[in-house]
Every structure is written in C-alpha cells, then in structure tokens.
C-alpha cells in the first residue's frame with residue numbers, strides 16, 4: 001500500500017501517524033492508495049485482493065469488479081492476481097481542476113455473498129503543465145508624461161498544476177526603463193506591475209519590447225513567456241484614479257438578474273475630454289464573466305445579468321478598466337472580487353445500484369438487496385444528506401460510509417402475503433428549509449415451495465348409479481396451492497389400495513392435471529356398495545409437497561335384476577309347484593307358497609305377488625298374499641269347484657321400471673279317501689302340461705286322520721283344563737306375565753274391551769310373545785263396535801284365539817333354500833280370513849310382511865332389529881315424517897308392556913293363555929279351528945263370510 005508522506009515529521013511521529021492511519025482504515029473498511037498523474041496503462045496501484053483479505057481463487061466466481069460510475073475506466077482490477085492497475089491515462093486537471101487534493105473513489109463489488117468495498121486513490125500532481133499567458137503579446141500604452149515609479153499592470157500567467165508546481169515566479173528581460181514588481185494578494189494570486197524607473201521620451205523611444213518569463217516551482221521547472229509591447233503616448237499625462245484598488249462583493253447564488261452589485265468610482269485630474277472616464281471590463285476577462293456581469297460605461301455600475309450557481313463557481317475576480325477620453329487616452333485598473341454565497345437550492349441526488357433481485361422469500365436476515373448512493377451539490381449543512389426508508393416494511397437502510405447506504409432485509413418475507421414491495425427511499429438535506437428527493441425501489445419476492453396443496457374439505461361424498469358407462473366422469477377434486485409458478489402446479493393421483501381382491505386402479509382413475517375422477521368400468525351395487533379411497537395432490541416444487549382428500553363413492557342401486565324363483569321345498573323344479581288340496585278345507589287354508597328372491601336392494605328388491613285372472617274371467621277360490629306369496633283359499637271349497645286349477649302368480653319388484661317373473665302353480669282338489677297322482681311340471685311365465693293326479697295311499701290317509709284325531713282330542717282336553725280355572729284379573733305367575741294389548745282396528749292400545757294377556761307358566765318372561773286381536777272392518781265406527789261386544793267371542797263366550805301371522809322378511813327369504821320348511825322354522829299360520837282382510841303386523845328379524853304391509857322389507861331401508869307397526873290397506877292411516885304411529889309399540893317399552901307381580905296363590909287365566917309350540921301343536925290348533933268352523937257353519941248360514949271378516 002502506498003501512502004503519501006508529509007515532510008518535516010520525525011521518525012517517531014511518522015510511525016505513530018502511520019499506526020493511527022492504519023487503525024482508522026481497518027475500522028472504516030476503506031483502502032487508500034496514491035499514484036502520480038499521467039501514469040501509463042498497467043501501472044501498479046495496489047494489491048486489492050490481499051489488502052481486502054480475499055482469496056485469488058474466489059475473485060472470478062464472485063464476479064469481483066469495479067462498480068464506480070464516473071471513473072470506472074481509469075482503474076481496473078486484474079482478477080488473476082488481485083492487483084489494481086491503471087487502465088487509462090489519468091489527468092489530474094480533468095477531474096479535479098484546481099482542487100488542492102484530488103482523489104478517485106472506487107466501489108469494488110463481490111457477489112455471493114454481496115460485499116462492497118471502497119477504495120480511495122489519491123492522484124499526485126506532477127509538473128506537466130507549463131505556465132501559460134493569455135496571448136503571445138501584451139500591448140501597453142504609457143504616456144510619456146508619466147512620472148517615475150509609475151506602475152502599469154500586466155497580466156500574469158496561469159498554471160494548471162497545483163501546489164508547488166503552480167507557484168510561479170516572474171522575470172523580466174533587462175530594461176533601463178522598467179522593472180517588474182510582483183505583488184502577492186491575500187487571494188493567493190499575484191499581481192504584476194511594470195514600474196517606470198526612467199522617464200520616457202516618446203521622441204527618443206516610442207516603443208519598447210520586453211520579454212516576461214513565468215517559471216513554476218516544479219521539478220523540472222517549466223516556463224512560459226509573453227512579449228510586452230510598450231507604446232509611449234504623448235500629452236495626456238493624467239490617468240483616471242479609482243477610489244479603491246479592490247472592490248469586494250458578496251452575492252447569494254439566488255440573486256435575481258439585474259441586481260446592482262457595486263458602483264465603481266474613478267476620477268481624472270485632467271480637464272475636458274481628457275478627464276472624462278469610460279469604464280469597461282479588461283480585454284483579457286473571461287467569457288463566463290462577460291455573460292454574468294455587466295458594467296455601465298459612464299456610471300461604473302456593475303450589475304448581475306445571469307444566474308449564479310455556487311456549485312459551479314464560488315467566486316469571481318473581475319478586472320475593470322477606467323479609460324479617459326484624452327489623446328492618447330489614459331487608463332487605470334481596479335479589481336472586483338465577487339464571492340458567491342451558498343443557498344440550499346439543490347435537492348439531494350439519490351442513485352440505486354447493484355440491485356440483488358428477486359429475493360427469495362426464505363432469504364436470511366441482513367441480506368443486502370441494493371446499494372444506495374446520495375449526494376448534494378450544496379455545501380455545509382445544506383449538503384449534509386440523510387437517507388430514510390418508508391415504515392412498516394421488512395427492510396431497513398444501513399449506513400456503510402458517508403453518503404452510502406445498503407438496503408438489507410430486516411424481517412422474514414412471505415410471498416403469499418405480498419409478492420412485490422414498492423419501497424420509497426427518501427434523501428433529505430440539512431438546509432432550512434430542507435429539500436428532499438425520493439426514489440422507488442421495486443423488490444420482487446421469489447417464491448419458495450412452502451405451501452402444500454389444500455383441498456376445500458377433507459372428505460367428499462359422491463353418489464353414482466350402478467351400470468355407469470366405462471370412463472364416466474363421477475367427480476372432480478380441486479386443490480389450491482398458495483405458491484406461484486411451478487410450486488403451484490398441482491398434479492393428482494390415486495392413493496392405491498385394494499378393494500377386496502382387486503386394486504383400486506381397476507375401478508377408478510384420476511386425471512393428473514384436471515383432478516377429474518373417472519369410473520373405469522361399470523360399477524355393480526351388488527358387488528361394491530361403497531368405494532372409499534384417497535386422492536393425493538402434489539405440487540411441482542422442490543421438494544414437492546402434498547395432501548390427501550378422501551372420497552366416499554356410494555354406488556346407487558338400479559333395478560337391473562329381475563326376481564328369481566326358488567325351488568320348492570321338496571323336489572320339483574324352479575317356478576313349478578304342484579299341490580293336492582282336500583275339498584274339505586275352509587277359507588284361509590294355505591295351499592302353496594311361491595318363493596322368489598331379488599338380487600337388488602331397497603325398493604328394487606321388495607317383491608309383491610299377484611294372482612293372474614283365470615281364462616275367460618272365471619272366479620277362482622284362491623288368493624295370494626301380496627307380500628308373503630302364500631296361496632290360500634278364499635272360501636270353503638265345495639263340489640261345484642273344478643278338480644284342477646292352474647294358477648299363474650306374477651312376482652314383480654318395486655323398481656322403476658318393475659321387473660317380473662311368473663310362477664305356475666297346479667292345484668288339484670281331491671276327495672277324502674282318494675289318492676291323487678301328483679306331478680308338477682311348470683316353467684316361469686309359461687304353463688306346462690297339466691300334472692296327472694295319482695291315487696292317494698290309503699294308509700297315508702288313515703295315518704293323517706289318526707294324527708288329526710289325536711291332536712283334536714288333545715286340544716279339547718287342554719281347553720277344558722284351561723276353562724275349569726275361574727278367570728282372575730291378572731292371573732299370571734308373579735313376575736312372569738307380559739301384557740301385550742291391541743285394538744280392534746289394528747292399532748295398539750290399552751283398551752279394556754280388547755285386552756288379552758300372554759303368560760308363560762314356566763321359565764323367564766318372554767317379551768317376544770305377542771297376541772293379536774282380529775281386525776274389524778274399517779267401516780265400523782266406535783259406537784258400532786261398542787254395540788257388538790260379542791263380535792269377538794266364540795260360541796262358548798270365550799275370547800277368540802288371536803290370529804298372528806309371523807313371516808320372514810324379504811332379506812331372509814333371499815337366503816332360504818328349498819329344504820327349509822316354514823313350519824320347521826317355528827311359524828304359526830294364520831287362521832281363516834276373508835280375501836279383503838288386512839292385518840296390522842309387526843316386522844322383526846324373523847317375521848315377514850303380511851299382505852297388508854306397505855313398507856319395504858328389511859334391507860330396503862327398515863332396521864331389521866326393530867319392531868315396527870304397519871297399516872294395511874284396511875287401515876290407511878300413515879304417520880307423518882319424523883313421527884310415530886298412534887299407539888306404536890316397541891318391545892320392552894314400559895308404557896305398553898308391563899310385568900306384574902301377582903300373589904303366589906293367584907290363579908292363571910288359562911283361557912287367555914297362548915303359546916307358540918312346535919309343529920305338532922300347530923297342526924292340532926289348525927284342526928281345532930276347522931272343527932269350530934264346521935260347527936259355526938251349521939249354526940249360521942253365512943258363517944264363512946263372518947269368519948272372513950274376522
């Protein structure tokens with residue numbers, strides 16, 4: 001490092017001064033070098049990399065460079081060795097003119113990370129400019145009448161150098177008449193005078209030629225010369241005389257044009273025209289002075305004619321000449337020194353350089369974003385500039401050196417909150433009033449993948465009908481990513497899983513860009529009711545971020561499966577039933593049962609049975625249960641009936657459109673003691689050949705009659721034992737009876753008129769036993785029912801046996817096989833009833849709907865673990881949405897079912913006891929009912945109709 005040295009210091013003082021200077025440089029972070037002006041290209045200035053502590057290997061990767069705007073081409077750094085060298089000719093007089101000190105300020109910048117270094121290079125002046133006079137000669141007119149020691153001003157030379165190189169000494173060629181008088185003024189300028197040493201005689205010497213030489217103080221010395229041409233004038237021997245040799249004027253730089261600066265006063269002792277004085281600027285005055293000032297030739301007033309600028313010129317030296325009108329004219333000179341005072345008329349200048357944009361939103365704090373340079377052409381407090389940044393932004397200004405600031409990151413950034421910051425930087429000077437300037441810096445925040453795609457909700461529910469076409473669009477998922485560009489590009493994919501034994505990708509797919517979900521194959525409700533899977537959304541950032549959303553795809557059932565007939569319980573083919581019916585059976589006797597199942601669900605699987613009308617419109621003595629599929633007699637068969645009936649039962653579901661299947665049932669009526677030959681041949685929807693009857697084995701009929709007689713006797717004995725016990729209210733075993741009541745119209749009530757008890761003589765109370773009372777005709781009103789209390793009594797005055805009809809639900813019927821017998825399943829058949837009779841029923845896990853049931857079976861939306869009261873067509877009352885039917889019963893409810901604790905000695909009312917036995921007990925009860933019906937037929941001619949109504 002080269003430092004300028006100052007002479008006159010001792011070794012100790014010099015060493016101390018050097019140490020202090022080095023400490024100041026380390027603290028300030030600025031390097032100082034010095035070079036002479038006019039240095040050649042490649043001249044060594046300093047080892048910048050070494051002095052800054054930078055490795056040579058990192059200069060090129062970090063783009064180490066000179067960033068100065070004004071003097072960038074003068075100096076350059078060699079990136080191979082880190083040396084600062086002269087790049088082009090440096091003329092000190094060009095950037096610094098006549099300044100005492102001349103320095104070149106450089107900014108050295110290194111990237112990754114961004115660093116700024118300041119270098120000050122002092123340019124030493126060399127004596128490369130000789131003194132220069134304005135012209136090659138100066139003409140001086142001197143009257144011959146001038147006295148000895150008279151002085152005549154002459155113009156000196158100017159030297160573009162500074163310091164000792166600009167200190168001029170003048171010498172005059174030898175002359176008998178004149179000598180050179182040099183006068184140093186307090187303005188560091190010299191005034192030259194020719195002093196008359198010998199009287200002039202124009203006639204003797206009209207002209208004199210002298211040579212004035214100016215020599216500077218440089219080494220080597222340089223000289224400049226000018227020829228002085230002295231013309232001796234005659235007569236007018238008194239020159240004008242100024243009252244002051246020097247006039248001093250102070251002007252503000254904002255002084256208006258036309259302002260009077262001063263008035264010169266000069267007098268001439270001569271008379272007449274020789275005493276008239278004319279003022280004018282000296283002929284050697286500069287053009288700049290002539291453009292800014294004007295002197296009145298007669299009055300001597302000097303006025304300002306152009307705007308002053310302190311920053312351009314701080315002072316002016318004006319030479320004014322006063323010339324009389326004599327012949328030859330005589331003149332005198334004075335000096336007007338104009339000092340310009342600074343006014344705060346220049347706003348600060350602000351420059352933003354080295355923008356490091358865009359800045360990543362995860363950039364660390366104190367990251368340098370831009371360099372800001374401020375300046376003010378004013379001086380003093382008017383030129384002191386402070387820089388500030390708009391508030392409430394995540395940035396701040398850090399002052400590095402005088403008039404240099406760095407824009408750095410002060411707090412964390414979030415591009416999703418604000419992607420571009422429009423910053424306003426203000427530079428304000430210290431004047432009064434102060435002036436300021438603003439600059440806008442647009443800081444763009446670069447996105448970082450810090451946001452995962454987000455769905456509007458975590459789960460979606462989709463309903464799709466089955467049998468959809470392949471490639472059907474079923475849903476569209478959409479996720480939003482708050483990032484930008486590729487970080488916000490969302491792609492969708494399935495989260496693979498297994499659905500049963502098949503991969504999820506066999507069922508659905510998702511479009512990677514649009515998020516549309518497609519069904520790849522037709523969905524089957526019977527195979528998959530619910531398809532639950534996840535769709536993943538991932539962005540294209542590095543590293544990628546993602547999130548999942550759950551889709552629940554419910555496959556809605558369509559009526560795409562027709563009812564299928566089940567094979568008979570014993571032998572036979574599907575859709576063909578052949579039955580033998582004795583002619584002695586009464587109304588309501590179950591002849592056969594048509595069984596069918598539907599693979600659909602809900603209403604699409606709810607089956608109903610219809611008996612097709614006979615050919616020719618003939619009436620047939622049979623009917624089929626609307627929902628049970630049981631074919632029963634509608635009246636007592638007689639001899640007038642045909643011996644064979646071919647019944648067509650239409651089974652259809654409740655889908656849209658409804659699908660059907662037809663079953664053929666061949667019913668043969670046989671007389672007692674005959675052995676009909678039975679064969680069943682039928683097909684679905686097509687009648688086959690009529691089955692031939694075969695003789696009935698005599699032994700089989702005898703066995704049946706014997707068993708029937710035994711059952712009748714057992715039932716009579718049992719009834720007699722029950723009737724022998726006197727009726728007692730609540731005569732059930734304490735803690736065991738369960739009371740279930742029903743009204744005559746099929747709605748549940750606690751009526752005293754229609755109350756029955758169901759008790760069990762042993763074992764725990766059975767809450768699943770129920771007693772039904774026969775329904776009355778809906779045409780009977782309350783008064784009619786009160787007037788006929790005996791309508792519910794048999795011939796002996798005892799209450800009639802209830803007629804419960806337990807059925808399997810459709811969901812259980814679908815799994816029944818041909819080998820399953822309804823009797824073996826513990827089903828108690830219904831008693832006789834008319835074709836229009838409808839019964840309120842209770843559906844549970846085991847019973848199936850009766851003909852009067854109008855709600856779908858289990859599997860069609862009804863909970864299979866509840867008992868629900870149903871109304872048939874005879875009782876059209878329907879409950880509104882969200883409410884229960886009147887007198888609705890739920891097993892175990894304390895309002896309907898009560899368990900009474902009777903005394904130990906209480907009697908059981910056996911007449912009210914009903915139980916559900918096995919197959920033999922069922923047959924006994926059937927035969928007993930048939931006997932009762934026969935007796936009633938004899939006593940009443942229309943008993944069949946009455947029993948049907950009951």
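Keep in mind that glycine also has a Cβ here, set from the backbone N, Cα and C atoms.
Candidates 548, 781 were compared with Swiss-Prot; the annotation N-linked glycosylation site appears at 548. Residues 265, 932 are shown; Swiss-Prot lists N-linked glycosylation site for one of them, 265. According to DSSP, the domain 'Cadherin 1' (30-133) comprises 8 helix, 40 strand, 56 coil. Most Cβ pairs under 8 A with the domain 'Cadherin 4' (351-455) among the ranges 30-133, 157-242, 588-678 are made by 30-133. Remark: secondary structure over the domain 'Cadherin 5' (456-565) totals 7 helix, 54 strand, 49 coil, with classes taken from DSSP. Each residue of the domain 'Cadherin 3' (243-350) gets a DSSP state, and the totals for helix, strand and coil are 10 helix, 48 strand, 50 coil.
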